Amino acid sequence: MDKYLIKMPTKTNLNGDQKPAALKGTPKTIDKQKEKNTPTEKQKQEDDYVEKENTPKLRNAQIAKPASKRKNQDTPTEVKDIKNEEDGENPPKRRSARLTRSTRSMAEEGTPSPEKEKPEKLPFIKYKGAIKYYTENHEIAASADDVIQWIDKQTTLDVVPMAFDMEWPFSFQTGPGKSSVIQVCVDERCCYVYQLSKLKKLPAALVALLNHPKVRLHGVNIKADFRKLQRDFPEVSADPLIEKCVDLGVWCNEICETGGRWSLERLANFIAKKAMDKSKKVRMSKWHVIPLDENQLMYAAIDVYIGQVIYRDLEQREKVKLQNEANFKEQNGDAAFKAVKALGETFLDKITQVTI
């Protein structure tokens with residue numbers, strides 16, 4: 001802070017020819033009034049006032065915005081220092097946001113974390129496939145049996161991915177209701193929606209479909225869905241399903257070297273470059289009421305359809321990554337591979353040149 005020397009008034013004696021006016025008060029206050037009322041003292045006070053008004057400090061304060069209108073009430077000198085700093089070669093640095101363990105490495109390299117990027121305007125998902133909707137026990141059993149037969153015919157595949165999701169009503173007064181809808185997708189051209197409202201017990205064929213040895217169930221936060229399904233329908237055992245399922249968010253972090261928890265909507269943005277219409281009106285609707293309307297059916301179908309699309313994309317990325325890693329090790333050795341891997345290389349793209 002700059003310091004300014006301000007000339008203080010000096011005490012002078014009254015001229016003998018002048019007669020001061022009669023003053024009232026105690027002797028102490030009268031002496032003070034005498035000092036203030038002298039002509040010399042008044043003139044010096046005026047000079048001091050003018051001198052103070054002309055100081056650079058107050059001139060800058062007059063130019064700056066009033067304190068009440070400034071977001072940060074800086075002193076005039078600080079305002080001047082900030083202006084000089086902005087005019088210099090090095091502009092003031094903004095305080096960095098708090099870094100989490102998952103985003104620290106990317107932030108240090110100056111690369112934004114993909115899952116933290118502001119979503120761009122993406123086209124909405126348009127599902128044009130079939131939606132097979134069933135509400136009766138025997139209909140659900142027959143449909144599940146048809147899916148099992150289709151899976152058994154896929155003799156060239158050791159694993160058949162099947163997108164899985166659930167819906168249930170929710171009330172702020174009573175909390176989540178009983179599991180009301182199960183939707184699955186094994187082929188992007190057809191989604192199955194099973195409404196469970198009339199069922200006291202799940203059909204054996206549906207339970208067999210979920211536990212099929214070739215089926216790989218996948219979804220987002222899918223383990224919590226299985227636990228809820230077991231609570232609502234005890235004939236379902238959650239542990240075997242959890243052991244063989246794939247959480248798409250966790251898998252994405254492993255393949256793409258990202259971090260944090262994912263929602264299905266954000267995964268669709270990041271992987272499929274599509275936007276999802278997550279209408280609260282539909283999401284919080286009465287899923288237990290039969291029949292479901294067109295908006296509910298489309299909402300349920302899109303959830304598993306885009307899940308299947310994301311799985312296929314991640315599966316392809318994993319193949320490319322493993323192939324690139326194998327080629328790099330063969331050409332450069334394990335030591336170079338570990339060094340490049342430590343630098344954050346994902347190997348999702350082919351590396352043609354290495355500089356360490």
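Note: Cβ is positioned from N, Cα and C throughout, glycine not excepted.
Taken verbatim from Swiss-Prot:
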COMPBIAS  29-56  compositional bias 'Basic and acidic residues'
COMPBIAS  71-85  compositional bias 'Basic and acidic residues'
COMPBIAS  99-113  compositional bias 'Low complexity'
MOD_RES   Ser105  phosphoserine
MOD_RES   Ser113  phosphoserine
DOMAIN    155-316  domain '3'-5' exonuclease'
BINDING   Asp165, Glu167, Asp303  Mg(2+) 1 binding site
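In the three-state DSSP reading, Glu167 (Mg(2+) 1 binding site) counts as strand.
For Asp303 (Mg(2+) 1 binding site), the number of other Cβ atoms no farther than 10 Å from its own Cβ, over all displayed protein chains, is 26. Asp165 (Mg(2+) 1 binding site) is surrounded by 24 other CB atoms, counting those within 10 A of its CB over all protein chains shown.
Confidence over the domain '3'-5' exonuclease' (155-316), given as mean pLDDT on the 0 to 100 scale, stands at 97. Taking the mean position of the Cβ atoms of Asp165, Glu167, Asp303 as the Mg(2+) 1 site, the remaining residues of that chain whose Cβ falls within 8 Å of it are Met166, Val181, Gln183, Tyr299, Ala300, Val304.
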